[in-house]
């Protein structure tokens with residue numbers, strides 16, 4: 001004892017022990033301890049006993065509390081060490097877009113919307129970003145400078161989704177709304193509203209341009225998802241609905257086309273995801289994704305760059321060819337999970353980590369990561385080379401529910417060709433001799449946009 005405690009500390013402990021025994025009606029034990037330690041009444045009277053009463057209990061509880069605190073700090077230290085061990089050094093990240101992940105703080109916080117932000121979309125060529133909001137407006141920003149360029153008004157209810165694309169050489173902005181319409185805007189003519197597409201019987205929740213590739217398509221097709229339980233395919237050059245797809249039993253929340261424009265993946269309040277072959281005159285349901293226990297809010301189709309990692313996760317001996325367009329998919333749900341699927345509809349992995357509804361998903365163009373945002377205010381990065389482990393969490397991505405995420409399109413190095421001849425497209429479609437869907441790592445743009453109920457759009461950039 002003398003080696004651990006100083007003589008004064010030992011004396012304090014002895015007196016506290018005697019006071020504890022006395023206050024707990026153990027006079028004989030207290031007397032025996034006094035006798036052994038040689039502490040008489042003259043040294044330890046009633047006033048001294050009162051002074052030391054409760055000291056032992058106080059010290060004991062504070063030790064337990066400190067032990068708990070130490071354990072918490074050790075666990076946090078271990079988590080940070082793990083993140084550090086698995087992260088790519090910053091110097092390497094800057095040179096290696098394949099391993100780049102967003103980090104806090106955001107480069108820009110864009111503020112102007114008056115109600116929650118529902119959607120964001122990058123222009124395929126310029127540094128423009130469109131954001132849609134429940135305030136019925138679309139705002140166009142320069143994401144590089146972090147400045148507002150213009151506000152577009154036209155919808156009479158909340159804007160639920162936006163997307164850039166359209167016929168070759170004529171990039172358009174499409175928007176959809178709770179006012180049951182889809183609107184097309186021309187960025188080259190000061191975002192003039194050139195067409196309104198009516199036809200859905202309820203809120204239009206998602207809209208995406210379909211890449212050129214489908215027979216008879218020259219990039220002029222658009223797909224929309226609605227609360228009327230349907231998906232519709234539109235010809236933007238005429239404004240006509242060319243196909244209506246029925247199959248979901250409830251509100252269709254999200255839609256994602258494949259890079260070759262042959263398939264679309266949709267998710268719904270009916271707890272399913274569905275993959276449709278839209279290259280046929282009458283689109284057919286190819287796969288149904290069953291497993292989520294709540295509304296499925298978002299989806300993403302994996303790029304060919306991720307096939308080797310996802311194939312390994314699925315237990316496949318070799319990855320599918322990069323020319324195949326829909327081999328793996330991801331869906332996010334109100335059940336707080338993300339599910340990874342193969343083309344046959346088998347769930348190959350459930351990613352658990354978010355504490356609230358998962359709202360948005362995007363695959364890293366380099367193929368190694370999947371990024372997600374949710375109502376738990378976070379942005380999470382899942383490493384597909386480590387069996388889908390969450391390797392990074394930006395816990396302060398926003399101050400409220402994070403409703404959307406988009407990755408900036410890859411840099412178009414080839415000069416655009418008028419009218420989109422066989423060599424390339426003006427809206428960033430790869431040259432025909434490049435493997436479709438495969439992106440040169442040097443062309444990856446390390447820029448992400450997120451939007452939130454906190455009224456902010458955030459730009460995370462290298």
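Yeah, the Cβs are placed from backbone N, Cα and C, and that goes for glycine too.
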Annotated range (TrEMBL: region 'Disordered') out of 416-436, 437-457: 416-436
Which range, 53-80, 81-108, 109-136, does TrEMBL list as region 'Disordered'? 81-108
Contact set of the repeat 'WD' (351-384) with the rest of its chain, CB cutoff 8 A exclusive, min separation 6+ beyond the ends, reads 86, 97-102, 297-310, 313, 330-334, 336-340, 390-407, 410, 439, 441, 444, 448, 450, 452, 460
For the repeat 'WD' (245-279), what does DSSP give as the number of helix, strand and coil residues? 0 helix, 20 strand, 15 coil
Spatial neighbours of the domain 'PAC1-like LisH-like dimerisation' (7-42) far in sequence, C-beta under 8 Å, 6+ residues away: 1, 48-57, 59
